[in-house]
Amino acid sequence: MSAGPFLSTTWFAPDQRATATAVASLFSYLGGAASFIIGPLVVPAPNNTQTFTSTVSVGDENFIRERIQMVMYAELAVIALLFVAVLIYFPARPPVPPSVAAASQRLSYRSSICRLLSNVRFLMIALAYAVPTGVIAGWIGVLDMVLTPAKISQVDAGWIGFWSTVGGCVFGVAMARFADSIRGMLKLILVLMLAGASLSSTWFNLTCLSFTHLPSTAAILYTSCILVGIFINSSVPIFFELLIETVYPVPEGITCGLVTFLGNLVTGLLLFFLTFYCTDLSWLNWCLTGSCLFSLVLILFFRESYDRLYLDVFVSV
């Protein structure tokens, strides 16, 4: 996750960086999207939300464990192949730096960590990124359980997760390209994305409540869930670019690595609480809405700056 912004700064010109960051960071989401299809096809449904037509019982834990192990070993083979390819050939940087920022001196690791932890503006946007992305990572990981009360099967839940992730990738690259064409508007783009995520998640929650008497069809659940994934997932590269602009000259890998860790920490805490409160997951849905609103408020009060862009535009001139 943190490698994309580093690669975009090292290899791409200022008017291509957001797009490069989006491609590098969001393409990893396509593997997650594929898992929503591969999972139900390879591993049988353990919660009887789908009839599994096989000679082996759905409740056979040994069979399910073997199928999961098969998926994990297949992933290991692909990762090992890519790792060997990188070891054989992967140049560190282009012969000529594409921008002033790419050739400039950066802070050391210790100085970078101290500056990040003492920068209130960085902490604001780091929380704005980590909370919604961390919550949706945990939420979408148990999407089958979330949608079971609505009589949505594991296969259908997998397709919802697939299209929300793929839609986020496509929309994210498109918005990043738009951000490259009108530089200096990252905050506005994030406000619009988070507002859309807040409205979509609220729509989903109200649809799941019986006393609201809102229409609750499969199409509405599909649409609301997919929109939530699109708005939050597509905001990732925009967050990365704004984070880097805010704390420059802190290296991109350190900045994005720290916020990625915070996002994973939020996901871990969410899944930890899920082990104790797993019978009724309505609280998890409202956590998703609350995280989007929390992030939206932080971004609204955030004062943006573009130190790296200023260096590239004015110093190069």
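From the backbone N, Cα and C atoms, a Cβ is placed for every residue, glycine too.
Here's what TrEMBL has on this protein:
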| type | residues | note |
| --- | --- | --- |
| TRANSMEM | 21-43 | transmembrane segment |
| TRANSMEM | 70-90 | transmembrane segment |
| TRANSMEM | 120-140 | transmembrane segment |
| TRANSMEM | 160-179 | transmembrane segment |
| TRANSMEM | 186-206 | transmembrane segment |
| TRANSMEM | 218-244 | transmembrane segment |
| TRANSMEM | 256-277 | transmembrane segment |
| TRANSMEM | 283-302 | transmembrane segment |
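Nonlocal intrachain contacts for the transmembrane segment (160-179), taken as residues 6+ away from its ends with a CB within less than 8 angstroms of a stretch CB, comprise 18-19, 21-23, 26-27, 29-30, 32-34, 36-37, 140, 143, 147, 152, 185-186, 189, 193, 221-222, 225-238, 241. In this chain, the transmembrane segment (283-302) lies in contact with the transmembrane segment (186-206); the count of Cβ pairs under 8 Å, excluding pairs fewer than 6 apart in sequence, is at least 3. If you count C-beta pairs under 8 angstroms between the transmembrane segment (21-43) and each of 120-140, 218-244, 256-277, 283-302, the highest count goes to 218-244. The stretch from 120-140, 218-244, 256-277 with the most CB pairs below 8 A to the transmembrane segment (283-302) is 120-140.
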